[in-house]
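Novice: There's a structure below that I have some questions on.
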Ligand SMILES: [Fe+2]
């Protein structure tokens, strides 16, 4: 009999030091084990108190995954008023961090290849043109948030910004790659210099993950 599942902070698919020297070991540890853990604990607590949330997380599997997050984030009207903002923020915090960590790779390709690369060239003129636009978006996020490469239902790529723990799903856009520009993502190494963090993030951006997401937008949006 299916029961509602819990979110679990799965281990990173690489070591905490894997992104050195671009993203430091202490930042990776705190970001995953403390910041992400807090969102997971909070959402599990909200689910335990809320039957309508429990009904969104029925699964045969022991732990929740992207599918349950998508269900929660795509149905805000089904969440009681008292919990809606907290659910949005904490479920968004999990989704965005899972996506961010999957989008890092210790031995990445320097740039995208295949159909994603072709679409980047068509829409941004070159990889350098894309990189310039994405960097501008990441630096322009006011306060805490993310810059994303996304794709819409017509397969048009878009660079967007989201504030706090808002997600592209709320705009019916499928994420391809994201950079977390909350200060906790870079402050220990890069201090207040987000402009130094962005190129370091590019050095470990996981273009294989981005291509997979480009090929499977249905995983994220209807
Ligand atoms: Fe973060």
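Each residue, glycine too, has its Cβ placed from N, Cα and C.
Note that TrEMBL annotation is computational and uncurated.
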Novice: Let me know which member of 31, 216 TrEMBL also records as binding Mn(2+) at the site of 97, 180, 184.
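Specialist: So, going by the record in TrEMBL, that would be 31.
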Novice: Quick check: in three-state DSSP terms, what is residue 97 (Mn(2+) binding site)?
Specialist: helix
Novice: Please list, for the domain 'Manganese/iron superoxide dismutase C-terminal' (112-210), how many residues fall into helix, strand and coil according to DSSP.
Specialist: 50 helix, 22 strand, 27 coil
Novice: Report the mean pLDDT of the predicted model across the domain 'Manganese/iron superoxide dismutase C-terminal' (112-210), rounded to a whole number.
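Specialist: Across the residues of the domain 'Manganese/iron superoxide dismutase C-terminal' (112-210) the model's pLDDT averages 97 on the 0 to 100 scale.
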Novice: DSSP secondary structure for residue 31 (Mn(2+) binding site), reduced to helix/strand/coil, please.
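Specialist: In the DSSP reduction, residue 31 (Mn(2+) binding site) maps to helix.
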Novice: Are there any residues in the same chain, six or more apart in sequence, whose C-beta is under 8 angstroms from the C-beta of residue 184 (Mn(2+) binding site), and if so which?
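Specialist: In sequence order, the residues whose Cβ lies under 8 Å from that of residue 184 (Mn(2+) binding site) (at least 6 apart) are 27, 30, 31, 35.
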